[in-house]
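What TrEMBL records for this protein:
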ACT_SITE  Glu196  active site, proton donor
BINDING   Asp45, Glu81, Glu130  substrate binding site
DOMAIN    14-205  domain 'Thiaminase-2/PQQC'
Amino acid sequence: MVLTCEGLLSTYPEAWQAATVHPFLTQCQQGTIRPAQFNTWLVQDYLFVTQFTRFVGRTLAAAPDEHLDILLSGLNALQDELNWFREKAAERSLDLSTPRQMTCQIYCEFMGSLVNAPYAVQATALWAIEYAYNQGWQLPGPMPAPYTEFADRWGNPGFTDYVKLLANQADTVLAIAPPGEQAAAETAFLRVAALEKDFWQMAYNAAV
Ligand code: HMH
C-alpha cells in the first residue's frame, strides 16, 4: 500500500492529537496563559524557525523542478515570519540571543539530520511540521488579543492552502518512493508528532 499524508493521519490519530492539542493552546484561547510561558514559547519558536528555514532551504535543494514554486513561496513567507518574530520579541522586550532549550535543540538536530534523507522523507516532514501548527493554532477556535495574530499566522486560509499543497507534493513523491523510503517517511512523521508535543510542553519548563 502506498503511504499518503492522509493515511498517516488516519493510522496515527493519537500521536497527531498529542501534537496539536495542548493546554498551552487552550490557555491562549482562554486568555489565561501566563506571559512568562507564552514568552518562553515565543523565543524558542523564533530559534526553531531560524533552523526550520534552513531545513526548507535544504528540502528545496532536493526538490524536482515542479515543486520549486511552492517551496519558494514557503521561504518567502518565512522571511516575513522571521522579521515578525523579531518585532514581537521587541514589543515584549525579549532577548532572542537566549540559548535553545533541550527540546528545541533536539528538534533542530532532527531537521538537520534529514539533510541526507530522500526528498520524499523531507517533503513528508515539511508537511507534518507545517500542518502541526496549522491545526494546533486553529483547533481551539478564535483567540483573544494579544494571541489573535499568532493564531491567524498559522491558522489563516492562505496558510491552510499552502499546507494542502505541501501534502500534495509529498503524496506525489511518496507514490513512487520505494518501500524503504516510505517507511522512513512514516518514522519522520511520528518523530515530528512527538517533537511537536514536547515543544508545547517546553513553554512550561522555564521562564525566559
Ligand atoms: C515547533 N513547529 C514548531 N514551530 C513552528 N513555527 C512550526 C512548526 C511552523 O510551522
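The count begins at 1 with the first shown residue.
Cβ atoms here come from the backbone N, Cα and C positions, even for glycine.
Features per TrEMBL, on structure.
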residue : record                    : Cβ contacts under 8 Å, 6 or more apart
Asp45   : substrate binding site    : Phe85, Phe199
Glu81   : substrate binding site    : Val49, Arg153
Glu130  : substrate binding site    : Gly74, Phe159, Tyr162, Val163, Leu166
Glu196  : active site, proton donor : Ala19, Thr20, Ile129, Ala132, Gly136
Practice task
Of Asp45, Glu81, Glu130, the binding-site residues listed, which put a C-beta under 6 Å from ligand 1? Please answer none if none do.
Solution key: Asp45, Glu130
Completion exercise
Those same-chain residues, other than Asp45, Glu81, Glu130, found with Cβ within 8 Å of the centroid of the substrate-site Cβ atoms are Phe48, Val49, Phe52, Leu78, Tyr133, Arg153, Trp154
Handout entry: Assigned conformation of Glu81 (substrate binding site) - DSSP reduced to three states
Key = helix
